[in-house]
Every structure is written in C-alpha cells, then in structure tokens.
Amino acid sequence: MRISVGALLGLTALSHATTEKRAASASAYCSNSAGNYKLSSIAAPVQGAGNPGSESTWQLTVDDTSSGHKQTIVGFGAAVTDATVTSFNTLSASVLQDLLNKLMTPAGANFALMRHTIGASDLSGDPAYTYDDNGGKADPSLSGFNLGDRGTAMAKMLATMKSLQPNLKILGSPWSAPGWMKLNGVLDGNTNNNNLNDGYLTSGGTGSTGYASQFAQYFVKYIQAYKNLGAHVDAITIQNEPLFSSAGYPTMYVYDYESAQLIQNYIGPALASAGLDTEIWAYDHNTDVPSYPQTVLNQAGQYVKSVAWHCYAPNVDWTVLSQFHNTNPGVKQYMTECWTPASGAWHQAADFTMGPLQNWASGVAAWTLGTNAQDGPHLSTGGCATCQGLVTINNGGYTLNTAYYMMAQFSKFMPPGAIVLNGSGSYTYSGGGGIQSVASLNPDGTRTVVIENTFGNDVYVTVTMKSGQKWSGNAPSQSVTTWVLPSA
C-alpha cells in the first residue's frame, strides 16, 4: 500500500503511545498472510492460563533468567544494492524521507543492519563495474580507483540511513575483484580461472603474490572513500558467495585456505595499518560447508571474529549455526542473505529470520531492500529477475511488501542490544503447520516473544517464563505475532 505522511505521523504517535503502555502492561502486534494485519495492534496476552475457549492450544517455555541468556542482537535489515539506490532515488525528497523513516526508525521497522554491494551485483543496471576497472587494463598502483556515480550514490544513501538510525551497522561485500586482478582477466562472462590472481592457486603462496596486496588496498581505499562521504563501513566480507561462479555477471571463487591467507597476510594487516576499525566477517555463503569458515577462523582468527551465512543450501539447516557456536562460542554469527521473491511463501522472511535467531545469529539481512516494479534494475545477463525487494518503488510511491512486515515483527521489537533467550516448545509438522518462537530480553527490561503460526487456524499460546510468570494469548492463523511483556 502507499503510505502517506499523515499515516506515518499517526504510526509515530501510536509508537510513542505503545512504548509508554509497555512499561506497565503487555501488548501484541501482528502481521498475517492475508494482509489485513500489518504490524497491527491486537488483543494483548494476559497473565496466567487465560481462556482458550475452543481454540487449539500450544505451550512454550522461555528462560528469562540469566541462565537463559544467549547472543546479543546487532540488528536486522536487508541488502542495499544498486537496484535499491537507483529505485529509491526516483522518489521525491519528501516521499524518500517518509520511506526511510519507515525502514530505519523505531516508529517503523527499526532496521539496524544493512549489507551493501561493493561495486556491481546481479541487482545492478548494465554495465557491471567495480571501483577500479581501468578499461580492463592492470592498475597495480590503484591510481584509477574511483567510486563513480553509482558508488557515490550508494555511500550517500547509506550515510542518510545512518543519520536516521544511529545503531546502524554497515556490511560491505564485493561480488568480484576488478577483472584485471583475476586469473581470467575479466569481471564477468567467463567461469574459467574465475579466481583472484593472488599467487595461492598458481604457486601455493610460495612464489608471486599476484595482486593480493592490491586486493587488500582496494578494500582500504573503498572504506576510506565511503567514510569521506559519511558512511562508516563497520564490516566487510572479502567475497560474496566464494564457492559460486557463474558466467554473465560478477562472481569469483575464493577457496577457504585462500580466504584465510588473504585475510591473515594481506587484508587484515592492510586495514590495521590504515588505522581502520572495520571488522572482517568470514565466508558469506551457505550452511552446507561449515568447514570453510572454520578453516578461516583457524588460520586467520587474529582478524576474524564473525561468520556470515546464506540460506541457499539444498536443505537449509540453521542448527549448523548452533553446532558452529558450540565449537566457537566467542564468534558472532549472522544470516546475511536470503531472497524474498514475489512468488515465495508468506512466511519465507519469517522463517529465515526465526531459524537463525534460534541458533545464535546476532543479525539477519534479506536480499534485497528495494527494487522497482520489475524487480530491478538488474543486469541483462545473469541478473535476478525475480528478486523482489522488501519495498517496491513504482510511479513515485512505494509499497511495503509482505516480507517487510514479517521482518519488522522481529526488528521493531528486538532492538540492538537485546539478548536472545533460551526457549523450548517450537515445532513444525511435516505438512508445514506449526508454531515457532524466539524471545528476547530488551535493553529497557521488557521482554519480547515472537510467535510464528503456520497453521490454518488460530492457536491459543501459553508462554511459561522461568522467572515464574505465565502469559497466554491468541496467535492468529498464518501470522507472525509479537508480544511485548513488561519487566519481570
């Protein structure tokens, strides 16, 4: 739907009112598959067992004492691609401000984690580019480094978002190094030797280092250029989906041992020498190869304290994150990419947010934040033609899509600094129906419980807190419902 400024002011007033109410009593908000609930206030849960009447019932438990404390929330959000920036910049200043308030402020979704593309991705208009293409000719001094119009627009958009959301964490990920740094010499269109020319593949790291140093300095220059435009880059991954290569658009293989050595010997030291506090997150790919980030941590743990995961494994299994946590308890984890196609199930965004949170993820980012009405702009070759943004821009206005509301059921009520709590009782049957839940202790002392109901009927849910309280209320059919409970 289109959101007017008047409606936004009304929502802002509601936000302030409900914030005051939460201090003394419980509240509940819901978004559902039918679209008649969109972060809508519904009947609040009551203390005790309540009265389920003839409804189905479900029992959940939450350990809201110190023994139940798990990971700390960093934030939720999406990918800021060239498609996002291009589409957003077609809006008038007032409409864009209205939209960004809906995305970045507590009155809206309160997004606080944005992953942006360093150069082109599949969601860029033609032609594909990096920040130092140099006409395809080698530029070992990086004298041709330039953000260009699209990189500059990206940095300015992120800076504007940061001005609205002081807690915003910005993660940058490249889809490829400049073509001249690669063994095949091209940015896209060729999967043969689609690897960085860094010496590790051609000489096992004992001979020529190729362009490893230049690749490291490329990150330094990019981070400094963004900082100069007001966008502090909090973290990078050194390659998006490093085990994937495709002809037609920018991709690049970076193997696990190669990633580890690039970080340990080049990128980590380069960032440190430049006085940059930007973190390096390992991997940025699917859950089916956990040995990859483990190798990086084992060999480059001096510079890597976080791991990024995607959702595209044939059988995505978020418990991999719990297993990884058990081996690496001091390492933060994030779900940094999962797409939201228009044809996807209503609960797709809820699923790829809920599962990682239940398994030690500190943040979740969807693919992508915004697109135009044609799910673009995207590259004509290799571009994603079915990647719908959380927001669709059309004819000078915008539509907040289902995935936006499903993610906001988490992000709006689990702010940065919230502590995820241990819980039990979540279950989904083979037919797809079930109840999934995650809870948090928030910085202001309130507690949040997010309940995803994929059944075709309402369910009366009772949550038993280890602190001694019991809360009960309705979770409407095919919905995500968020309870905000007062301090224990």
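Heads up, the Cβ atoms here are built off N, Cα and C, so glycines get one too.
The signal peptide annotation in Swiss-Prot covers 1-17.
Counting only residues at least six positions away in the same chain, the Cβ atoms of T251, D284, H285, N286, H310 sit under 8 Å from the Cβ of E241 (active site, proton donor). Per Swiss-Prot, the feature active site, proton donor maps to E241.
E337 (active site, nucleophile) falls within a strand when secondary structure is assigned with DSSP. The Cβ of E337 (active site, nucleophile) lies under 8 Å from the Cβ of A79, R115, N240, D284, H310, C311, A365, A366, W367, each of which sits 6+ residues away along the same chain. Residues or ranges marked as active site, nucleophile by Swiss-Prot on the basis of similarity to another entry: E337.
As annotated by Swiss-Prot, N-linked glycosylation site applies to N422, with the evidence given as sequence analysis. Following the DSSP three-state reduction, the secondary structure of N422 (N-linked glycosylation site) is coil.
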One finds that other Cβ atoms within 10 Å of the Cβ of N422 (N-linked glycosylation site) number exactly 16
